[in-house]
Amino acid sequence: MDTLIERAREALTTAYVPYSEYRVGAALRTADGDIFTGCNIENANYSNSLHAEEVAIGAAVAAGHQEFDRLAVSSGVRDGVTPCGMCRQTLAEFCEDDLMVVCDCGDDEVATYTLGDLLPETITESTLIDAADNDSPHDTREPDGRESS
Ligand code: THU
Ligand code: ZN
């Protein structure tokens, strides 16, 4: 069994999921081999619920890590759940397209993706830098990018 999947399975045991009853655990490995885990933590207003991947990356970044090479995700029903769209974008803030994302399909089965597979054409810091570079006095375009008439 993949060590990181084992850690994700352990992590989901402390999920706080009174509303969905859908447990998720995540385990994120740093470039230097440390592992940070997280579980989902729901809230009565629903929208404040934290996702397992957010909790894991939050713990890692708070501990001073910003480089990662592998993420494992598991749900209590071992359905191969993948990070949701929001979590994919959160991961993309710190991880390259080649981050390996390993999803628990039960027993020893996993589905493996890269972050680039899951979230192509991501908005990143460079998107904003490129936009700022284009915002010069010589730029004849409108703020929305259309050519001015
Ligand atoms: N969930 C996660 O923890 N990670 C995801 O990316 C998908 C969804 C949680 C949120 C909520 O507590 C439950 O799964 C049902 O959506
Ligand atoms: Zn999510």
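Each Cβ is built from the backbone N, Cα and C atoms, and glycine gets one as well.
TrEMBL annotations: computationally assigned, not manually curated.
Per TrEMBL, the feature active site, proton donor maps to Glu53. Residues or ranges marked as substrate binding site by TrEMBL: Asn40, Ile41, Glu42, Asn43, Ala44, Asn45, Tyr46. Per TrEMBL, Zn(2+) binding site is recorded for Cys84, Cys87. The domain 'CMP/dCMP-type deaminase' feature in TrEMBL is assigned to 1-126.
Using a 10 Å Cα-Cα cut-off from Glu53 (active site, proton donor), none of the binding-site residues among Ile41, Glu42, Asn43, Ala44, Asn45, Tyr46 qualify.
Remark: of the binding-site residues Ile41, Ala44, Cys84, Cys87, the most isolated position is Ala44 (fewest other Cβ atoms within 10 Å of its Cβ). A simple way to gauge crowding: the CB of Asn40 (substrate binding site) has 24 other CB atoms within 10 angstroms, across all the protein chains here. Over all protein chains present, the Cβ of Glu53 (active site, proton donor) has 27 other Cβ atoms lying within 10 Å. Residues Glu42, Cys84, taken from the binding-site residues Ile41, Glu42, Asn43, Asn45, Tyr46, Cys84, are distinguished by a CB atom under 6 angstroms from ligand 1. Checking the binding-site residues Glu42, Tyr46, Cys84, Cys87 against ligand 2, the ones whose Cβ sits under 6 Å from it are Cys84, Cys87.
Distance noted between the C-alpha atoms of Cys84 (Zn(2+) binding site) and Asn40 (substrate binding site) is 12 Å. Within the model, the domain 'CMP/dCMP-type deaminase' (1-126) carries an average pLDDT of 97. The Cβ of Glu42 (substrate binding site) lies under 8 Å from the Cβ of Tyr16, Val17, Pro18, Tyr19, Ser20, Ser49, Leu50, each of these being in the same chain and 6 or more residues away along the sequence. In sequence order, Tyr16, Tyr19, Ser47, Asn48, Ser49, Leu50 are the same-chain residues whose CB sits within 8 A of the CB centroid of Asn40, Ile41, Glu42, Asn43, Ala44, Asn45, Tyr46, the residues recorded for substrate being left out.
Between the listed binding-site residues, namely Asn43, Asn45, the fewest other CB atoms within 10 angstroms of a CB are found at Asn45. Here the Cα atom of Asn40 (substrate binding site) is found 12 Å from that of Cys87 (Zn(2+) binding site).
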